[in-house]
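*Asks:* Can you keep this structure in mind? I'll have questions shortly.
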Amino acid sequence: MSVAYRKVPPEGGWGLLVGIGMAAMFTVSLGSLPSFGLMFGDFLTALGEETGAIALITSCFFSALSFAGLFTNTLMKKYSCRTVGLLGAFSYVIGSFLTIFVRSTNELLISFSVFQGAGFGLMIPVSYTTFNAYFVEKRVVMMSVSQTLIGLGTMFYPIFIQKTMEAYGFRGCMAVLAAVNSHTLVAMMVMHPVEWHMRLVPVEPEEQQMAPEKIVREKPDRSDENLSHVSKGLGSRRASSIPGLGNWSGPVVVSDSTERDKQPATKWQVLIDFLDLTLLKDPIYVNIVLGISFALYSDLAFFTLQPMYLFMIGFGKPDVSLIIAIGAAADLLSRVFLAISSTCLNIKARYVYLAGALFTILARFAFLFVYDFYGMAIITAIMGFLRTWIHVPLPLVFSEYLSQARFPSGYGLFMFLQGNITFAVGPIVGYIRDVTGSYTISFHCLTLFMAMCVLPWLFEIVYLRLKARATGRGEQNVAAVAIPAVKVETMAQEDVCK
């Protein structure tokens, strides 16, 4: 009698390398963003372009990232996940090496924003897709470990850049960073299809009756497991590349694409299906997208301009790099705190995000009244601690609201809109800084963008709670009227029976 098996994710093994690869990719990619002013501040100052150029370059970076992330869906339908990841890694490394030879803002815009931004945008969904395929039961634990490694790497990144800049100068530092960024190639090479490493476990008789189509009657050879990792059998034209993170507790949204798939699709309908533009009819989804987009832009722009501001008020490079490292250390501590607290407390990710944005506004007001090293280190640590509350819960905010089937398209649409919003509003703050010559006004503008996340979300929460309370009272009134009516009807029936 043949033994029945079923394939399950490895929950370890090669998946540990996948987790390390994902952490390495995010460390070298994200580590450069808070240190952008530290890396290119003197270079742009020599060109006579400071804040405006930084705002434009970072805005274009995230715009390229969003476009690349959006079209990853299409690429992954034609090529393997690892191939798309390697394409992104090559683009990122090419941009890193081109940065060594930049002589103007336009050249930096192409090397950093276009090549590195697009490469990073391709590697993000590939990393999440592969990671979540390898871990199901241990996903939360392993994601927490990976996030801790990312925080640990980014903590030492600014100190590493400052020491390298002192030892080798600007172009020598860029050459060293290009070599470090080449590790993204190794990170993408370990993103094997999960079918190569699936475990076979014996199947109980009850499971054979419940899901007979998933049963393997004999233990197959390894060659039989070399299947495509891309989902097959999706009836809709809408593709999926970014899997959900965390628990799915959102409402079930039924897609209407099945009916349309039976009819020839127009070009406009293909675009609607590809981007899932029907989500834009949902005011709550739109409020989530706009709020997170403004908050992310405010956060990234603030920490990009902070080194330039610290230089202006008299801090030296060693002090600035140490302050940035302290903020990164607080970020790491906050990631560990969130990982531990998530096992004890059940708080919605959106409430965590809202609290992070609200307290960040308060911390930024205090930031503008601090001028000494120790005070600046403390307030930067507070903002670094709160920064985790804005970045880590981000995908969970969408997974709480959207159904699992609609999360990929919803998150992809968010990436697209967020990148374009950043591209549109990014140069504004830099222009204000160059015209007014004041970092204080620029920081107040960025705080206003953070408030554009907090205020609409608070309004939505209050409105929905008042509406739910009014609906509950209405149901109670209906029940109060219905119960006597039932009693009267029952008494009448009893009289008839008598």
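Every residue, even glycine, has its Cβ placed from backbone N, Cα and C.
TrEMBL does not curate its annotations; it predicts them automatically.
Per TrEMBL, the feature transmembrane segment maps to 12-33, 53-72, 84-102, 108-128, 140-161, 167-190, 284-305, 320-340, 352-371, 377-398, 410-432, 438-459. Per TrEMBL, domain 'Major facilitator superfamily (MFS) profile' is recorded for 15-468. For 216-227, the entry in TrEMBL reads compositional bias 'Basic and acidic residues'. The region 'Disordered' annotation in TrEMBL covers 216-238.
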*Asks:* Please indicate, using numbers and ranges, the residues of the same chain that are 6 or more beyond the transmembrane segment (410-432) and have a C-beta under 8 Å from a C-beta there.
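*Replies:* Sequence-distant neighbours of the transmembrane segment (410-432): 51-56, 58-60, 62-67, 69-70, 72-73, 121, 125, 241-242, 275-277, 279-280, 285, 288-290, 292-294, 296-297, 301, 305, 395, 398, 402, 441-442, 445-446, 449.
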*Asks:* May I ask you to check whether the transmembrane segment (377-398) and the transmembrane segment (320-340) make contact, with contact taken as at least three Cβ pairs under 8 Å and only pairs 6 or more apart in sequence counted?
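*Replies:* Per Cβ check, the transmembrane segment (377-398) touches the transmembrane segment (320-340).
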*Asks:* Along the domain 'Major facilitator superfamily (MFS) profile' (15-468), what average pLDDT does this model show?
*Replies:* 78
*Asks:* For the transmembrane segment (167-190), give me same-chain residues lying six or more residues beyond its boundaries with a C-beta closer than 8 angstroms to one of its C-beta atoms, as numbers and ranges.
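*Replies:* Residues 14, 17-18, 20-22, 24-25, 28-29, 32, 39, 42-43, 82, 85-86, 88-90, 92-93, 96-97, 99-101, 119, 123, 126-127, 161.
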